[in-house]
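Residues annotated as active site, for hydroxyacyl-coenzyme A dehydrogenase activity in TrEMBL: B:Glu512. Taken from TrEMBL, the feature domain '3-hydroxyacyl-CoA dehydrogenase NAD binding' covers B:366-543. The annotation domain '3-hydroxyacyl-CoA dehydrogenase C-terminal' is assigned in TrEMBL to B:546-641. The site 'Important for long-chain enoyl-CoA hydratase activity' annotation in TrEMBL covers B:Glu153, B:Glu175. Among the features that TrEMBL reports, site 'Important for hydroxyacyl-coenzyme A dehydrogenase activity' is placed at B:His500.
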Amino acid sequence: MRQSLWRGFCVTSRLFSNHRVYGCSLQPVGQNYWITALPTLLIWTTLFVLTDKMASMLMNSLRCCPPVNPAWAVQYATRSLSTSVQLHAQVQTKSKKTLAKPGVKNIVLVEGVRTPFLLSGTTYADLMPHDLARAALQGLLHKTSLPKDAVDYIIYGTVIQEVKTSNVAREASLGAGFSDKIPSHTVTMACISSNVAMTTGVGLITAGQCDTIVAGGVEFMSDVPIRHSRKMRKTMLALNRAKTLGQRLSLIGSIRMAHLTPELPAVAEFSTAETMGHSADRLAAAFGVTRLEQDEFALRSHTLAKQAQDAGLLSDVISFKVPGRDTVAKDNGIRPSSMEQLAKLKPAFIKPHGTVTAANSSFLTDGASAVLIMSEEKALAMGYKPKAYLRDFVFVSQDPKDQLLLGPAYGTPKVLARAGLTMDDIDVFEFHEAFAGQIMANLKALDSDWFAQTYMGRKAKVGAPAMEKFNLWGGSLSLGHPFGATGCRLVTTVAHRLLKEGGQYGLVAACAAGGQGHAMVIEAYPQ
Amino acid sequence: IYIYIYIYIYIFSVDDCLPALWFDLKTLTRVYILSICTARTHVNYEVKEDVAVIRMNDPTSKVNTLSVQMQNEMIEVFNEVLANDAVQSAVLISSKPGCFIAGADINMIQACNTSEEVTKLSQEGQKMFARIEKSPKPIVAAINGPCLGGGLEFAIACQYRVATKSKKTVLGTPEVMLGLLPGAGGTQRLPKMVGIPGAFDMMLTGRNIRADKAKKMGLVHQLVDPLGPGLKSPEERTIEYLEEVAIQCAKGIVNKKISLTKEKGMMQKVQDYVMGIEFVRQQIYKTVTAKVMKMSKGLYPAPLKIIESVKAGLEQGPDSGYLAEAQNFGKLAMTSESNALIGLYHGQVACKKNRFGVPERPVKNLAILGAGLMGAGIAQVTVDKGIHTVLKDTTVEGLSRGQQQVYKGLNDKTKKKTITSFERDFTLASLTGQLDYSGFEKADMVIEAVFEDLNIKHRVIKEVEAVIPPHCIFATNTSALPIKDIAAASIRPEKVIGMHYFSPVDKMQLLEIITTDKTSKDTTASAVAVGLKQGKVIIVVGDGPGFYTTRCLAPMLAEAVRLLQEGVDPKKLDALTTGFGFPVGAATLADEVGIDVAAHVAEDLGKAFGSRFGGGNVEVLKTMVEKGFKGRKSGKGCYVYTPGLKSKDVNPDIEDVLEKYKLTPNPLVSSDSDVQYRLVSRFVNEAVMCLQEGILNGPVEGDIGAVFGLGFPPCLGGPFRFVDTFGANKLVEKMKRYEEVYGNHFTPCQLLLDHAKDSSKRFHK
């Protein structure tokens, strides 16, 4: 989470190309159109189910997928056809038709947006955190044409809190023009804060409390609270209570040089006093990840991000007119370099033999994100066309010292087991890239029987994700990582990639300070 | 008895990793045969690209030591590496997880009969390390785990050192604790490497230095972090990683990317300049010698010889230096002090084993009754060992004081950075403070540390037995009350045992466990297991008034009171006792123990053992208690204690008391030396009597108990080794002389007489 500041210094002079907004914005589809379109869609899908099912049954008969009787599929399809209120479109998967559960509401992602992620200290430098969050919320309102009073609850995630706006969700939603009747709260869980914001929303919908939730995350590293020392604070507080001039003078007189040393926000894990970069370097070494592998992965991330940016795939990015500055429409941390360039950097944390450098770590970033989450009925009733289903999710936690960043390795098998899926069922992977070394370590852990048996109590590994499905539009290393905002970016990216690439299931996984982690399965919404 | 003693210089650290090699004949034979028939067993190497990785592993022991076998194989391998043209550099590493080299093999030294033989051993070591130092191919020592004594000397002969930051990685020269000196070039290389003051500090204290400190001192060049779980076990992968980094370093040295001559900082330059002035060096030798003399009273030859050897090297050149080192090493190995200290070392290792086997169920929940100094102290050493600890007191005030004591103990460690504040909090989470007996139904062991009064103890045992489960052990922390008397109130005496801790519990290493005839073996095994977990050195003794430790101390204190009555000034008394080697003088000791406690014990034991325990008049102590002179805790005893002041003055008010009970000294037995032997002989005689009566299991435990619990002079090795070294006949002779004046206080016991009669009889073989 707390990466080297160097990166920020390195890339101050960056050319901003003309901004273009890619992709189409989603407008509520006419209710009539939707209803008439539905049966056609169902027929089409059902046919697809039948043909593809039979083929895959033959091909995958040796796989450990739950046996599905073709006759049942036919029956099911017939029933679907016969009921006009049937909302679930059935899409084929390799081992499971859909993750919809009887009696459990389907929850959908309607839209997801984010401000451009910028290196901290650049164009956003003079803002406040809630300004960024406001921009994301307004972007979401604009993109979805959501009425300002149609939301039941707003939840935001953030890590480094600005003390003036400690409930940043409330300040941002008021400032973004949402109705003041909408309650909002702020959550924190390090780098998976906005994941918690989303899953809190999912919980509220599942519990029947709400139907429409806006969740998001914000992080603003251009300004962080730097406090007076404890001694100084004590003196100042006592000064507040002092009654006489004499008392005040004696308190002022007690101030020494030592009082003036400021207290910076912790750069280290509280429980272990180790910085995250240091832990990442040890993790990489523990899994035998070489410097070369890390640099290659970092380069891949930047290259893919650049390609995605150029191809207009990052359609969740909204343009943002920064007061007093230019309009920002693109992430500014993407910098495809060369292996030679990367190899020149010295290790940033463990010197001189470490492997984690400023270039293969994610950099300090400012940014905010927001998503609109609804129950499927509500979304359809309001005329939205959802982008994806939010399905099973897990939170995991482990030793904050030696397994600080292994959240994805622990979360992935667990969430797959919950959903009854295998690694092969996943078409789209979006893992949070804190450090290239951390990603490589997690991939190696997922691919190790020994690790699965020794540390996870599993019989065997689940295997590593196929790289051709993995973080294809870049990741935190290249796009940037505003701690509190990354989770929504991951989920939105999975939804967009599923739409673009035509897959069925996507998996989000992320690690977080404190030795915690998160994983979520996302199912494509039938188009 | 709450005894406050720090064995100041000779704190024996809890190192089970120092060489303690008990070769049995079988393994020796096997090693011998193996070494003839097959390839090397202790040292091997493989060539990775152009780096030879030399791996050490002593298959016969948990730790690597520089045994004859190890040295021979090392020389062989070294020759091969030098001769191999494909090799440009080498890495020296141990393939034993968690141990580099724990030292030279003590047995190798003890097998020698003359100082010349030992000198020769030292010179062989010096020769080998000189070759390493001059090696044209750079050698990188990759250190994980203890790197002590000969191991450190080996490492500093190498061109470069890389160490892991593991808590197990410690560097040091503990030879001084065994009455020896670093005899393989250590006294010559260390001053050049870490500077004269740093080298003296290391060699004279023998303390362990952690890797990060070693880096700051310039003792190691690079640090490697220990790794967590990966694709292999953390230990295995950490060694692999260390090896990888060391290989990189070796290559770096060869291709000149790493320079062996470090750029000196300004401070370093200034320091070097200052140390270059002969006058300054002379001053340093003088100051260090004076400090050593003050602390050791000249009773320990090793520190002086270390200074001598360093001086010889710096002032007269390396040839004289190495020669002085080897010769001094030879001399020291033949001294009785070294013999005594090595004996204590072996004894300590033996007392860190559970000879009663593995208990049926491990203690996971421990309850302590009484949150006083002792109770809280016991809690402090237990709670950080993964045992859930309940601390119970009867009042909120008492409990809060106790909880604060535990907190402070842990917080001090945080301040010293041995643990993090998080580890402190995490540890404290296992401590529950309470006023009632809730949760006692889960207790596996209860240790009571309530007031020393039989009636109170009886009440407590009955209360506790009503709430604890059947398997729960009841341990009583008492210094003098016989355990069988306490157990009389128990409905299950087989579960009752005595655990006598020494104050301050977190500093004093000894634990005296007392068993009655009824105590079951499993109960004993369990108590010892808990004690070992708490990091204690344990002696298990039989039941009886005063057990072993208190019983030995009582006659000595009685004698001290008599000496005060005879007009010996408390300061003089202290000087005489510390001059004999006790870390704390007799008068100060009485103050630390508490005059009230001393009076109490003297009276109790006096009743139990009769006039033999007489000497000083108990009324002296009683009068002092009446006047409020209870020792340090009340601010006044033999001395006056002013908070914040280290120096103390004799309490002027005790003169009246002593005047009242004044005795006339007999000039025949009142010389300084006689005063010392009067004190010591009563102590020693009582110790021997405890062995004779079967209170003690053997002389080893007797020596360990006396040194670690009561501060018996470590240079004498304990009362039993003292008898062996001094001669039982000479001691008996002295005692008979005192007996004529004072009667049965000095009557030697039968066992001592037997030893006096037959000089071939010895307590230690």
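Backbone N, Cα and C atoms are what each Cβ position is placed from, and that goes for glycine too.
Any TrEMBL annotation is an automated prediction that lacks curation.
Since the structure is predicted, the reported quantities are computational estimates derived from the model, not experimental observations.
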What whole-number Å value do you get for the CA-CA distance of B:Glu153 (site 'Important for long-chain enoyl-CoA hydratase activity') and B:Glu512 (active site, for hydroxyacyl-coenzyme A dehydrogenase activity)? 37
Proximal but sequence-remote residues of the same chain as B:His500 (site 'Important for hydroxyacyl-coenzyme A dehydrogenase activity') (Cβ under 8 Å, at least 6 apart): B:Asn477, B:Thr478, B:Ser479, B:Leu511, B:Glu512, B:Ile513, B:Ile514, B:Phe547, B:Thr549, B:Thr550
Residues that sit under 8 angstroms from B:Glu175 (site 'Important for long-chain enoyl-CoA hydratase activity') by C-beta distance, when 6+ apart in the chain: B:Gly149, B:Leu181, B:Pro182, B:Gly183, B:Gly186, B:Met203, B:Gly206, B:Ala302
Considering the recorded positions B:Glu153, B:Glu512, which residue's Cβ sits among the greatest number of other Cβ atoms within 10 Å? B:Glu153
The domain '3-hydroxyacyl-CoA dehydrogenase C-terminal' (B:546-641) resolves under DSSP into 67 helix, 4 strand, 25 coil
I'm checking region-level scores; what's the whole-number mean pLDDT for the domain '3-hydroxyacyl-CoA dehydrogenase C-terminal' (B:546-641)? 92
Which of the three DSSP states, helix, strand or coil, fits B:Glu512 (active site, for hydroxyacyl-coenzyme A dehydrogenase activity)? strand
